[in-house]
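Peer 1: First the structure, then my questions, so here it is.
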Amino acid sequence: MKDFISIRDFDRAAIDRLIAEAERIDHHQYDPLEMKGKILALLFFEPSTRTRMSFEAAMARLGGTSLTLSSFEASSMAKGETLADTIRVVSGYVDAIVLRHPREGAARLASEVSSVPVINAGDGAGQHPSQTLLDLYTIRQSMPIDGINIGLLGDLRYGRTTHSLTYALSLYDAVIHTVAPAGLNLPSGLVHELRELGTEVIEHEQIEDVIKELDVLYVTRIQRERFPDTASYFNVASSYRITPELLRGTKEHMVVLHPLPRVDEIDPRVDKMKNARYFEQSHNGVPVRMAMLKQVIA
């Protein structure tokens, strides 16, 4: 595969191969000089900590070099240069590009003009395929993906991680339960598509209605940066919170995931519970992204 733009570009076999490669890497079965002499460009036009740094760490662990542009203002786009021209220029310097951009569809556009592979690190409310791969890898570490009941809680309208994850889950025998504040439900078109693909999607009003049925609880923050105004954001902020009390009586093996950053949707007391896997999930970004880089560059 030349590019990683959307999880829709993957079939189940491709996902399983990447997860297997990430597992080998996690067990130190890789060449630390495989990317020697290779250069990765990270173009991040939205804030990022985990995605940007884990790609940098992944490239470094494979022996390569990263060049990072971390703001619109620091690029010639601030002078009026188009994204397409920026990509054309940068692709002449490097062996692959990782792009994060606020506009949905920007990564696909970049892949069409780039002379090197492009990895989508998030395009607005669109897709985030590398996050989905590490989410699946984290689930697989605890249980088979087939047969799980997974609950998605939070901003499912603007949250690109859930958009990517739900489509990937449609490739497995998973039941998807959704709980969202008013107006932040999973887009109806996506729900319809998932059901057309044969995936059971069950919508709930409250997390309490379903939490004891879940094998995985995937929590997301309210995407403040996607809201048209501050008032709209504060109308739904702090409308849900995962606490130790809420998790009492859930399945013994149930895990809590979160793509991070969190705001106040998970009580810090949960961090020490055996259910909490979100920091492990974040750490899994390095081996998963190493596997991706090996595929697109090596």
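Every residue, even glycine, has its Cβ placed from backbone N, Cα and C.
Here's the feature list from Swiss-Prot:
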- ARG50, THR51, ARG100, HIS128, GLN131, LEU260, PRO261: carbamoyl phosphate binding site (BINDING)
- LYS79, ARG160, ARG221: L-aspartate binding site (BINDING)
Peer 1: Looking only at LYS79, ARG221, which of these binding-site residues has the biggest number of Cβ atoms within 10 Å around its Cβ?
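Peer 2: That would be ARG221, with the highest Cβ count within 10 Å.
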Peer 1: What is the total of other Cβ atoms whose distance to the Cβ of HIS128 (carbamoyl phosphate binding site) is within 10 Å?
Peer 2: 27
Peer 1: As a test of the contact definition, list every same-chain residue at least 6 positions from PRO261 (carbamoyl phosphate binding site) whose Cβ is closer than 8 Å to its Cβ.
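Peer 2: Listed in sequence order: THR49, ARG221.
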Peer 1: What residues, ordered by sequence, lie under 8 A Cβ-to-Cβ from ARG100 (carbamoyl phosphate binding site) and sit at least six positions away in the same chain?
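Peer 2: Long-range Cβ contacts: LEU43, PHE44, PHE45, GLU46, SER48, THR51, ARG52, ALA121, GLY122, ASP123.
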Peer 1: From the centroid of the CB atoms of ARG50, THR51, ARG100, HIS128, GLN131, LEU260, PRO261, the recorded carbamoyl phosphate site, which same-chain residues not already listed sit within 8 A by their CB, in sequence order?
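Peer 2: Nearby residues not in the site list: SER48, THR49, ALA121, GLY122, THR161, PRO259, GLY285.
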Peer 1: Please list, in sequence order, the residues in the chain of ARG50 (carbamoyl phosphate binding site) that are at least six apart in sequence and whose C-beta is under 8 Å away from its C-beta.
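Peer 2: Long-range Cβ contacts: LEU260, SER282, GLY285.
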Peer 1: Any same-chain residues 6+ apart from GLN131 (carbamoyl phosphate binding site) with CB under 8 Å of its CB? Would you list them in sequence order, or say none?
Peer 2: THR51, GLY122, ARG160, THR161, SER164, LEU165, PRO259, GLY285
Peer 1: Need the DSSP three-state call for ARG100 (carbamoyl phosphate binding site) to compare against my parser.
Peer 2: strand
Peer 1: In Å, rounded, how far does the Cα of HIS128 (carbamoyl phosphate binding site) sit from the Cα of LYS79 (L-aspartate binding site)?
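Peer 2: Computed Cα spacing between HIS128 (carbamoyl phosphate binding site) and LYS79 (L-aspartate binding site) is 28 Å.
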Peer 1: Please state how far apart, in Å and to a whole number, the two most distant Cα atoms are among ARG50, THR51, ARG100, HIS128, GLN131, LEU260, PRO261, the recorded carbamoyl phosphate-binding residues.
Peer 2: 16
